[in-house]
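Engineer: For K148, D185, F186, D194, R218, A219, N220, the entry in Swiss-Prot reads ATP binding site. Residues or ranges marked as Mg(2+) 1 binding site in Swiss-Prot: D255, E267. Among the features that Swiss-Prot reports, Mn(2+) 1 binding site is placed at D255, E267. What Swiss-Prot lists as Mn(2+) 2 binding site is E267, N269. What Swiss-Prot records for E267, N269 is Mg(2+) 2 binding site. The domain 'ATP-grasp' feature in Swiss-Prot is assigned to 112-294; the stated evidence is sequence analysis.
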Amino acid sequence: MKLLMLCREPRLYSCQRLKESAEDNGHQIDILDPNRCLLKLSKNAPHFELYYQVNSKSEPYLLPDYDAIIPRFGSTSTRMGCAVLRHFRTKNVFCLNDDVAFLKARDKWLSLQLLTEQGIAVPNSALSGAEFSATQAILQIQSPTILKTLHGSQGIGVILAENRKSAVSIMETLTQADVPLLMQDFIQEAQGTDIRCFVIGDKVVATMQRIGQEDEFRANFHRGGSAEKIQLTEQEKVLALKATKCLGLDVAGVDLIRSKQGLLVLEVNASPGLEMIEKTSGIDIALQMIVHIEKQFKR
């Protein structure tokens, strides 16, 4: 197969592992930055064209056809990355997470709404408009309060407000800067830990418990967190698969938390990192992703 990976940083661990696994299985793979693409629409055939420019001084060239697409772009490239995914979906090319599912997962509030609609428990959450009083809005959520920007990954854009006064101050400041925030209950009993479930297709292929640094409420690897192996219950496996299906994803990193209220889904990531979970679990997740693509291509 001829594969295309959409990625801004090809040297990242996840991109390199996927490249190695694809090539080891006999596939050709290109790694391209979606922000260097140009999409063209025309009333005359061909109606859809995709060009690529290696750098600002180079001559753009028309990209060839591909058999499958692997999206690995970050939140800052979501708009262009999803436009490229839609281009390929229009041409009936298999995308390992298409643009529709990707956009659902990348919008934190929308994803919480969709999960809740399907009866999947999430932390108590609230979203207020720019003209709604921050002082009144924050009363809907417990204190301490988690504040999150609607788009972001790797723990970036997540703030713990220790009291209502600081929460209101943060909300008012960021609202003035046109940065909307969602509010969530802080689950204190979790003590800075969560469970990452890596889902491919209809199977949870790997898991780990993530542990935040001392005095750090975020358990993300990129925030200095560590990880250890963990055994999932059958209920947790079912929940991770249900959350993945709810957003229409083929591949997902589902973050769960064990709370006094029961199991909660914190987030569903459409482009989950491989490094920490491969090293913790000892499972070759990159290979399983390539095998999943092969199975879809043979259908």
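Using the three backbone atoms N, Cα and C, a Cβ is placed for every residue, glycine included.
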Engineer: Within 10 Å of N269 (Mn(2+) 2 binding site) (Cα-Cα), which of the binding-site residues K148, D185, F186, D194, D255?
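Structural biologist: D255, listed in sequence order.
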Engineer: Would you mind giving the whole-number mean pLDDT across the domain 'ATP-grasp' (112-294)?
Structural biologist: 90
Engineer: If you count Cβ atoms within 10 Å of the Cβ of E267 (Mg(2+) 1 binding site), leaving out that atom itself, what do you get?
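Structural biologist: E267 (Mg(2+) 1 binding site) is surrounded by 22 other Cβ atoms within 10 Å.
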Engineer: Any same-chain residues 6+ apart from D185 (ATP binding site) with CB under 8 Å of its CB? Would you list them in sequence order, or say none?
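Structural biologist: For D185 (ATP binding site), the qualifying residues are P123, N124, S125, I141, Q142, T145, I146.
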Engineer: Quick one: pull the CA-CA distance for E267 (Mg(2+) 1 binding site) versus K148 (ATP binding site), whole Å only.
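Structural biologist: Spelling it out, the Cα of E267 (Mg(2+) 1 binding site) and the Cα of K148 (ATP binding site) are 12 Å apart.
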Engineer: About how far apart, in whole Å, are the alpha carbons (Cα) of K148 (ATP binding site) and D255 (Mg(2+) 1 binding site)?
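Structural biologist: Here the two Cα atoms lie 15 Å apart.
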Engineer: Taking the Cβ of D194 (ATP binding site) as centre, how many other Cβ atoms lie within 10 Å?
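Structural biologist: If we count other Cβ atoms within 10 Å of D194 (ATP binding site), we arrive at 22.
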Engineer: In whole Å, note down how far the CA of D194 (ATP binding site) lies from the CA of D255 (Mg(2+) 1 binding site).
Structural biologist: 6
Engineer: Just how many other Cβ atoms lie inside 10 Å of the Cβ on N269 (Mn(2+) 2 binding site)?
Structural biologist: 20
